[in-house]
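Features reported for this protein in TrEMBL:
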REPEAT    83-116  repeat 'ANK'
REPEAT    150-182  repeat 'ANK'
REPEAT    215-247  repeat 'ANK'
REPEAT    249-281  repeat 'ANK'
REPEAT    284-316  repeat 'ANK'
REPEAT    317-339  repeat 'ANK'
REPEAT    351-383  repeat 'ANK'
REPEAT    384-416  repeat 'ANK'
REPEAT    417-449  repeat 'ANK'
REPEAT    450-482  repeat 'ANK'
REPEAT    483-515  repeat 'ANK'
């Protein structure tokens, strides 16, 4: 450390070192050394690369004597960091009431001047719970119900952060309990929503605000979504509407608490009269328990049921809390709902997808196992006639597939049109799922009612690795469907040159024609697939049957359609 006394030491230093010594003295609040250095000609208006001045350093540390000494040598209350923070802002942020008072008395000080992102000093104090600073600033003229650009008030900020003393002080000063946000991004996506305390880089970022606010969010909702029970109690005692909904999505304080897993806040709101079965304004019409179940908050689910939530509440499409827990793989929530709340594990949504189907579709093997143990049928089909094994095969969930077959599900079971899980896995491009199904007993050459094999589906999609994998597992490369069409014909018709080459290299007969006499080359010509035509021209004789474009045939694969996935995702 550079010695600060006697003054002769300073005079012996270089100008640069004297300047550094001034910043250090300001930061540590040594007013005598500041006076000595200033007397030697070191400018109190010196700036660091981020525009920091000695005054800003002294203010951040709350060093009143240092602030006053710097002011006597020309230090400015209007100096600002690169992010716009003033000395008064930094003092307020740090909770230094005396420093705030001293700076406010200086010429050029503005108690309302905030950072470049629009955060005023009082809001910096509110974020950090500096009650005495807020009281002082209000006394100095700050409007207690002033709002930021997104509508956040001082009370909103204090409530959001759970500063009960600050909340009470603001209420005593006349803060509006219903002042809500406005003009925010109408989304709960953390990547899109504007956080009310996004920060100036000077320790202002709010780490507790995990869920962005939306239009119409009140101080009560802010307190609820952060689990601040004392604040909830205080606001409720003043008569705020416990069931008020945001103007954007209709969410209530109870929904906010449920979504983030604040069981205590849920119980508190319930005891005060909040409606546990309120629905939001989305088309889905979600209730608090659906949010809690989706996010796996077991204690919150329990709390909601304790205060009267309907454990079998449904969305407009019939989805239940148990389905959401299954989709997300929350086994503890699944077991509680089934065993304690006596929710049926077999109840399906409007698309006939059961909780077990949804768990399989999303790859949650333990959830599948739990549901089966609780009595769910692993073979129950959705409205497309497909079982959970189909869903797992389409999504490539190996562990779920192995579990389901182990539970007795037939790997060769078919749905409408004769489609089996291996067809679905091939169409979806999951080579490991294909290998697993083959190992579990699936017929590698299984045919649909129209005669299409899994290899047809791989060729249709142009999946070269799948083509190789199927042939290695025993797929018949020249198998023909009921129209005499081969996998090579399918690949050629779709213009998949690499798939065509792979099939030919694996032994596909390029001269093998369909029942109507059309060859793979003909199909490529009709489709104007020049690359395939050029390649196949070298694999066939120059004599071939020509067919007009208008007679281009359609493959009998209408029954091979992707499982319509059930994306029931609540706002997060």
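We count from 1, first residue shown onward.
Glycine is treated like the rest: Cβ placed from N, Cα and C.
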Please list, for the repeat 'ANK' (317-339), how many residues fall into helix, strand and coil according to DSSP.
17 helix, 0 strand, 6 coil
List the helix, strand and coil residue totals of the repeat 'ANK' (215-247) as derived from DSSP.
16 helix, 0 strand, 17 coil
Other than its close neighbours in sequence, what residues sit by the repeat 'ANK' (83-116), given a CB gap under 8 Å and a spacing of at least six beyond its ends?
55-56, 58-64, 67-68, 71, 76-77, 122-125, 127-128, 130, 132-133, 136-137, 140-142, 146, 200-204
How about long-range neighbours of the repeat 'ANK' (249-281): same chain, 6 or more residues beyond its ends, C-beta under 8 Å?
186, 188, 210-211, 214, 218, 220-221, 223-229, 232-233, 236, 242-243, 287-289, 291-292, 295, 297, 299-300, 302-304, 306-310, 313, 571-572
For the repeat 'ANK' (284-316), give me same-chain residues lying six or more residues beyond its boundaries with a C-beta closer than 8 angstroms to one of its C-beta atoms, as numbers and ranges.
252, 254-255, 257-264, 266-267, 269-271, 274, 276-278, 322, 324-325, 327-328, 330, 332-333, 336-337, 341-344, 347, 349, 568-572
Using DSSP, break the repeat 'ANK' (249-281) down into helix, strand and coil residues and give each count.
17 helix, 0 strand, 16 coil
Could you give the mean pLDDT over the repeat 'ANK' (450-482), rounded to a whole number?
97
Determine how many residues of the repeat 'ANK' (284-316) DSSP places in helix, in strand and in coil.
16 helix, 0 strand, 17 coil
Under the DSSP assignment, what numbers of helix, strand and coil residues are found in the repeat 'ANK' (150-182)?
17 helix, 1 strand, 15 coil
Is it possible to list how many residues within the repeat 'ANK' (450-482) are helical, extended or coil according to DSSP?
17 helix, 1 strand, 15 coil
